[in-house]
Amino acid sequence: MPKAAAKSKTTGKVEKRRAKKDPNAPKRGLSAYMFFANEQRENVREENPGVSFGQVGKILGERWKALSDKQRAPYEAKAAADKKRYEDEKQAYNAEADEEESS
């Protein structure tokens, strides 16, 4: 059984070790903003050639904040559908994991 925490040799502080993430676990659902950003990122790069990655993110954030609720609705719908997909996949994944554990 792995240790939950270990003292760091350099600072003496207790460090928590993260559990290894299962590569077969379902991917989390994207937020409405992430759907918007993924769709608009290329447009922002074309309109602002030579800007840094961070600046692209700032511009996307400003554009997202400027959207009305009506303009955000399609992205919110995509996010809700993706959340449902994630919950369904996670439920199936957990059922499969419980089944393997009991075997």
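Each Cβ is built from the backbone N, Cα and C atoms, and glycine gets one as well.
Annotation comment: Swiss-Prot describes 1-30 (among others) as region 'Disordered'.
Averaged across the DNA-binding region (26-94), the predicted model reaches a pLDDT of 96. The DNA-binding region annotation in Swiss-Prot covers 26-94.
Taken residue by residue, the region 'Disordered' (70-103) breaks down under DSSP into 33 helix, 0 strand, 1 coil. What Swiss-Prot lists as region 'Disordered' is 70-103 (among others).
Residues or ranges marked as compositional bias 'Basic and acidic residues' by Swiss-Prot: 70-91.
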